[in-house]
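Data first, discussion second: the structure below is written as structure tokens.
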Amino acid sequence: MDRIKCTVAYDGMHFCGYQIQPQHRTVQQEIEKALQKLHKGELVRVQASGRTDSTVHAKGQVIHFDTPLSLEEWQWNNALNTMLPDDIVITQVEKKTEEFHARYGVERKEYRYRVLLSKTADVFRRNYVYQYPYPLEINAIRKAIPYFIGTHDFTSFCSAKTDKKDKVRTIYEIELIEQDDELIFRFVGNGFLYNMVRIIVGTLLSVGQGKLDPDSIPEILAKQNRQFAGKMAPGHGLYLWQVNYNN
């Protein structure tokens, strides 16, 4: 058996997230459907670095699967991309040892969130950025960002629907990039809770709008209560950008 690692990019707009759900189109479902065709009807389960929600995109999702087929890496790449729909692309294939695990071996993840600063919607970017029509005080956002960096209990910044009991995570970097008419929030951490990046972005936008004080972030973290943080930003501005492994 070979263990195959794939890096996957997808446009999340027409998926109900990554993970298989009955009666809904998902990324995992499409990948496993393609693998089933290649394995002559045999079901092949894939493991992913993590789930993404409905409408969330990925540039660097990572999956693995085990297979009895002996194909070269380039052959896997070509075969899968031939079988997959246009909104999913395998960008890299690597053969790994059985010690590699797409989920349990993750060392750090990078997410990016795109905000379009415009009162007018952009018809060509509407599915890929969060259009934000209100003026923002960028310096206030920059002042708030360092409070999130480090190891914290992020209960205030995750959905109540999370199934994780341990809400402690470490954020290594948050970078705010001003690029033409967009703000791009770049997050690097050892892991992120359900909706955590989107709630942090929504909170930072509330800071930029003057609804929250930048110096209120430590208090919101300490309260460990979702109701004190800002609104959650929508899914279509979020990208799983890159996943790094310790092996």
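Glycine is treated like the rest: Cβ placed from N, Cα and C.
For Asp53 (active site, nucleophile), other Cβ atoms within 10 Å of its Cβ number 17. The active site, nucleophile annotation in Swiss-Prot covers Asp53 and is backed by sequence analysis.
Within 10 Å of the C-beta atom of Tyr111 (substrate binding site) sit 23 other C-beta atoms, taking all shown protein chains into account. Tyr111 (substrate binding site) falls within a strand when secondary structure is assigned with DSSP. Taken from Swiss-Prot, the feature substrate binding site covers Tyr111, and the record attributes it to sequence analysis.
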